[in-house]
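S.K.: One structure is given below, represented as structure tokens, and several questions about it will come after.
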Amino acid sequence: MGSSFGDLFRISTFGESHGGGVGVIVEGCPPRLELDLQKIQAELDRRKPGQSKISTPRKEEDQVEILSGLLNNTTLGTPIAMVVRNKDHKPGDYKEMNVAFRPSHADATYQAKYGIQARSGGGRASARETIARVAAGAIAKQLLTKAHNTEVLAWVKRIHTLEAEINAQDVSIDDVEANIVRCPNQVMAAQMVERIEAISREGDSCGGVIECVVRNAPMGLGMPVFDKLEADLAKAVMSLPASKGFEIGSGFGGTLLKGSEHNDAFLPSNDGRLRTATNNSGGIQGGITNGESIVIRVAFKPTATIRKDQQTIDADGNTTTLSAKGRHDPCVLPRAVPIVEAMVSLVLADHLLRQQGQCSLW
């Protein structure tokens, strides 16, 4: 009913921002996969709040507890249950939101749909729900690495009006993690940090674009016609809080090219893989991976909860002014990088198992 994702590699998430905790159940992970539990925690550490001066000051350790599905750190093929306890939630900081709807937030639509909602912390609409996705995605990452040495890596490409020139093939995890904004262009990263701080001082927020590359992706992933790989990738990242746009390869810029300019010419290869002179397709053609790197971009809107006064209405429809308190990110992008990686990894793990099941029997 909206809290599960995937077909064969399937996750179901639970929990609210100000509840007891957030967790996930992973079903369909193959048995005998030896997991590095430190890598799971490391991914959660990249996502956790309070990690820098440009993120929310909420302090959570986000230590993962694995409740089932492993024996000596090796998967059993049974459901893997993981939970992270909430320890630093302050419902009193949200009393303004108990009577007024935040503009462009899920408050009003959740109330309209369910007739009740957990206003404190945003409930299920809070980005804290993504803890579950990152924990599950960390397992999917390790599966992809073991099966095909596939690497999934994302970074911040744009903050507000500042856009970095980045060659997706040259970026390393060390480049991404070298600064708090997670932009591999170090010069532009410094400007991005300054921009976020300046906007935050105004009591405002900003958005931007995250780019993600998948290197060494197996050929043949994707299930035409309704489960094309780019369609499932789009659904995955567009399910994230604050996401507002998706493009792959040349994206919307490709509409400015002629067919002769946009087509990716095939090249001879000695390794049995398809090779192309360019990668405007973003590694996917006909909904199926062609062996080249997958390159996608995700647009995130400015954080809806801001300290500036905003005109809004209360639950009775009366006009009021809201100045939000609480602890919120002035820009979600630096912490969204591992979340995008997680969702892409979950899609690839699911399609890898589906490909094995349909096309690799003989």
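Counting starts with 1 at the first residue shown.
The backbone N, Cα and C atoms fix where each Cβ goes, and this holds for glycine too.
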S.K.: Suppose a student reads Swiss-Prot and sees Arg124, Ala125, Ser126, Gly286, Lys301, Pro302, Thr303, Ala304, Thr305 listed for FMN. Which of Arg85, Arg273, Arg327 should they find annotated at that same site?
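M.R.: Same FMN site in Swiss-Prot: Arg327.
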S.K.: Any idea of the Cα spread of the FMN site, Arg124, Ala125, Ser126, Gly286, Lys301, Pro302, Thr303, Ala304, Thr305, Arg327, as a max distance in Å?
M.R.: 44
S.K.: Express the distance between the Cα positions of Thr305 (FMN binding site) and Arg47 (NADP(+) binding site) as a whole number of Å.
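M.R.: The Cα atom of Thr305 (FMN binding site) is 19 Å away from the Cα atom of Arg47 (NADP(+) binding site).
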S.K.: Counting all other Cβ atoms within 10 Å across every protein chain shown, which of the binding-site residues Arg47, Arg124, Lys301 scores highest?
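M.R.: Per the Cβ count, the most surrounded site is Arg47.
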S.K.: So how many other Cβ atoms are close to Thr305 (FMN binding site), meaning within 10 Å of its Cβ?
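M.R.: Cβ-Cβ neighbours of Thr305 (FMN binding site) within 10 Å number 22.
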S.K.: Counting Cβ neighbours within 10 Å across all chains shown, tell me which of the binding-site residues Ser126, Thr303 comes out on top.
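M.R.: Of the binding-site residues Ser126, Thr303, the highest Cβ count within 10 Å belongs to Thr303.
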S.K.: Cα of Arg47 (NADP(+) binding site) to Cα of Ser126 (FMN binding site): how many Å, rounded?
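M.R.: So the alpha carbons of Arg47 (NADP(+) binding site) and Ser126 (FMN binding site) sit roughly 13 Å from each other.
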